[in-house]
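One structure below.
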Amino acid sequence: MAKSDECCSVQLIDGDGVFNVDGIDNFIKFVKLGECGLSYAVVSIMGPQSSGKSTLLNNLFATNFKEMNAFIGRSQTTKGIWLARCAGIEPCTLVMDLEGTDGRERGEDDTAFEKQSALFALAVSDIVLINMWCHDIGREQAANKPLLKTVFQVMMRLFSPRKTTLVFVIRDKTRTPLENLEPVLREDVQKIWDSVPKPQAHKDTPLSDFFNVEVVALSSFEEKEEQFREQVANLRQRFFHSIAPGGLAGDRRGVVPASGFSFSAQQIWKVIKENKDLDLPAHKVMVATVRCEEIASEKFAWLATNEDWLSLEEAVQSGPVQGFGKKLSAIINTCLSEYDAEATFFDESVRSGKRQQLQEKLLQLVQSAFQSLLGHIRSGTFDKFKEAFDKALNEGEGFSSAASNCAQTYMAVFDGECAGAIIEQADWDTSKIRDKLRRDIDAHIATIRADKLSELSAKLEEKLKEALAGPVEALLDGANNETWPAIRKLLQRETESAISGLSKGLVGYDMDEKTKEKMITSLKDYARGVVESKTREEAGRVLIRMKDRFSILFSHDSDSMPRVWTGNEDIRAITKTARSSSLKILSVMAALRLNDDDGSGEIDKTLSSTLMNVPNNSNTKDRSIMATDPLASSSWENVPASQTLISPVQCKSIWRQFKTETEYTVSQAIAAQESSKRNNNWLPPPWAIIALLILGFNEFMTLLRNPLYVGLLFVLYLLAKALWVQLDVSAQFSNGLLPGLISLSSTFIPTVMNLLQKLAEEGQQRPAATDPPSNSSLVSKRFQNNSSNDLASTASSAVTSTDSGAEYSSRSKEE
């Protein structure tokens with residue numbers, strides 16, 4: 001007895017028909033069946049061998065019956081009758097797995113056990129699952145019709161009638177709807193019932209008194225496993241409370257108490273075994289069917305192990321095989337000839353049908369090798385085509401002619417090689433492989449074509465970008481009234497050049513005019529896009545461009561020399577000119593004007609009239625004027641939104657920011673100009689000169705009467721002039737009165753001491769033999785020398801002052 005966590009199974013009857021009494025007793029004790037009373041159900045399954053009965057039960061009831069290993073071969077798996085308890089289903093449900101019918105292991109003469117086991121299942125079961133293939137519906141043997149007919153007869157003769165539910169499980173359901181399959185099955189079952197001889201007591205008894213017929217369909221376990229399991233899970237739900245009213249076995253009769261199930265099963269099996277009349281009529285067709293199937297199986301096994309076939313199969317895995325079709329056709333023909341020789345005395349219709357099935361199985365066996373060979377031929381031909389095509393293009397042949405010639409040549413090569421691979425017995429169509437090769441060739445041609453055209457377009461686009469981006473940037477940097485006409489002219493010239501190159505590059509492609517026009521349009525759009533992209537990029541830096549132009553024009557004269565603010569320049573006019581030129585940049589970059597009718601003059605007029613001609617009085621800010629502000633808008637008149645780079649509102653904001661950031665430069669220039677004026681004007685006011693002449697008349701007359709005073713004043717003048725030059729008083733006071741006084745107070749005494757020291761050194765250097773001149777003459781000469789030195793120093797100071805002014809002007813410009 002096999003056991004698991006929730007399920008256990010036992011062989012109830014072995015393959016020789018021996019009932020396992022000890023085994024079933026131990027099984028009943030283990031599952032505690034005696035405690036169930038009448039609350040239990042028995043389910044059995046019957047059907048052809050290797051039809052997936054055990055697999056269905058294991059998936060449906062979580063049992064552990066042994067299943068067939070499909071990789072080893074189709075053979076008998078379940079021998080005799082096995083019994084197991086369903087896991088997780090209430091009430092307690094027992095499942096019987098019957099040995100498959102029509103098994104080759106028992107042979108054609110030993111079918112008694114099949115009949116006895118089927119009759120036993122019908123006798124003890126509340127629900128009988130009849131497993132059958134969907135494609136076998138309508139067949140006499142595959143649908144178990146003769147077996148059911150005999151079972152119905154013997155069951156009524158041997159046992160008291162009981163209600164049994166027959167569930168026909170259609171396996172590997174096809175596209176045919178279940179609604180179309182179910183009536184056929186029900187009609188066949190009814191016909192069997194009507195044809196069965198019945199006792200007088202049950203002569204008019206309908207089938208529904210003995211059986212409930214149900215039909216379900218399941219998908220293929222191997223091909224649609226997930227769908228199969230889902231359908232089985234749904235079927236499993238129908239076995240919960242199966243004996244309750246409305247359940248699958250809700251109206252069963254003659255139920256044996258659970259404690260007497262073992263004895264009842266033994267007695268039923270004993271009666272069935274002793275009934276010698278329970279035989280199905282054997283006839284010629286059945287014998288022919290079984291024997292021809294055996295012969296066909298033997299020949300199939302012979303081919304599967306044939307050395308010549310195995311060598312061909314191995315060789316075709318690595319590449320094409322010459323003469324594959326002839327060699328394999330000869331092997332298959334030998335196999336079929338041997339079958340004909342051994343099956344020649346059996347029923348002709350059966351023999352022919354089984355021969356056709358054998359041939360189909362043989363061809364199915366070799367089909368994978370045939371498909372592999374076609375795959376090698378296709379891939380090899382395709383590789384040769386690509387090599388020849390590339391070579392033709394490299395030699396300068398036109399693209400279209402090279403593609404057409406190479407495609408025709410290698411399609412013919414493929415057809416020739418396929419002819420040598422055809423198997424005589426097969427009517428296989430190679431058109432799908434041929435079509436696939438043709439599609440691969442066409443796809444490769446299209447890919448190369450697209451790559452070549454893409455490469456040509458990319459080269460022209462790169463050339464366009466190089467030819468447009470730099471010049472457009474330069475034209476926008478020097479924005480003026482001719483900027484956009486120049487850009488349009490540049491765009492037109494470079495676009496025409498690129499289109500000319502494209503037309504030359506498309507020679508040999510046999511391209512239709514529509515596609516060619518599409519590529520030309522794409523190239524034009526790209527060129528326009530380069531200009532638009534560069535313009536938008538420059539528009540993002542418009543404020544920087546405006547400030548740069550303002551700085552250049554404001555800080556340099558017409559000869560591009562730095563301005564020195566000497567006091568004679570008209571700063572207001574210079575500022576207006578520089579701002580007007582900067583405003584031109586804003587006007588040029590406000591919108592894209594790649595069309596001739598762009599209305600650019602309106603934008604220029606609007607900006608100039610609004611931003612440059614603003615009245616100074618405060619009345620300009622009243623509500624009426626603000627309401628008619630032409631820049632109080634998010635779009636330009638007659639300019640599409642897609643062409644707008646800087647909206648009127650943004651222009652106004654940029655101009656405000658521009659003026660704010662350039663005001664400092666203007667104020668610095670004004671300050672430098674005023675400082676220069678102060679440095680160049682040291683005379684006192686006229687009224688002061690007149691006051692000095694009137695009030696100092698007596699002192700002047702005194703000087704004229706006493707020449708000594710004149711000499712003394714002259715000496716004092718020379719000393720003062722020397723100190724003025726040495727102290728650089730003008731430079732000290734250029735920074736302001738208070739800083740100048742502080743600086744002079746700290747340098748006055750050292751400067752006087754230095755001057756006196758120089759005078760003493762000159763006096764000592766006089767020759768000793770020379771007569772000393774008079775004091776007045778000596779002083780006069782010394783002061784004359786100092787005067788010449790002072791003049792040189794004064795000139796030097798003037799140059800220094802001029803340089804300082806230039807430096808200040810330059811520094812102001814930088815700020």
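Keep in mind that glycine also has a Cβ here, set from the backbone N, Cα and C atoms.
TrEMBL annotations: computationally assigned, not manually curated.
The topological domain 'Cytoplasmic' annotation in TrEMBL covers 1-683 (among others).
Sequence annotations record features per position, and here TrEMBL assigns domain 'GB1/RHD3-type G' to 37-252. Mean pLDDT for the domain 'GB1/RHD3-type G' (37-252) in this predicted model: 79.
According to TrEMBL, the GTP binding site annotation covers Gly47, Pro48, Gln49, Ser50, Ser51, Gly52, Lys53, Ser54. Gln49 (GTP binding site) is surrounded by 20 other CB atoms, counting those within 10 A of its CB over all protein chains shown.
Residues 730 of the same chain sit 6 or more residues outside the transmembrane segment (682-701) yet have a Cβ under 8 Å from a Cβ within it. Under the heading transmembrane segment, TrEMBL lists 682-701 (among others).
Positions annotated as transmembrane segment by TrEMBL: 708-725 (among others).
Taken from TrEMBL, the feature topological domain 'Cytoplasmic' applies to 729-815 (among others).
Proximity of distant same-chain residues to the transmembrane segment (737-756), defined by a Cβ-Cβ separation under 8 Å and at least 6 residues beyond the stretch ends, is recorded for 719, 722-723, 726-727, 729. Annotated transmembrane segment per TrEMBL: 737-756 (among others), in sequence order.
Under the heading region 'Disordered', TrEMBL lists 763-782 (among others).
TrEMBL lists 772-782 with the feature compositional bias 'Polar residues'.
Feature annotation from TrEMBL assigns region 'Disordered' to 787-815 (among others).
Marked as compositional bias 'Low complexity' by TrEMBL: 792-804.
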Listed in sequence order, residues not in Gly47, Pro48, Gln49, Ser50, Ser51, Gly52, Lys53, Ser54 with Cβ within 8 Å of the centre of the GTP site Cβ atoms: Gly100, Asn131
Which of Gly47, Pro48, Gly52, all binding-site residues, has a Cβ with the fewest other Cβ atoms inside 10 Å: Pro48
Number of Cβ atoms other than its own within 10 Å, given for Lys53 (GTP binding site): 28
Ser51 (GTP binding site) CB neighbourhood, other CB atoms within 10 A: 24
Least buried by Cβ count (within 10 Å) of the binding-site residues Ser50, Ser54: Ser50
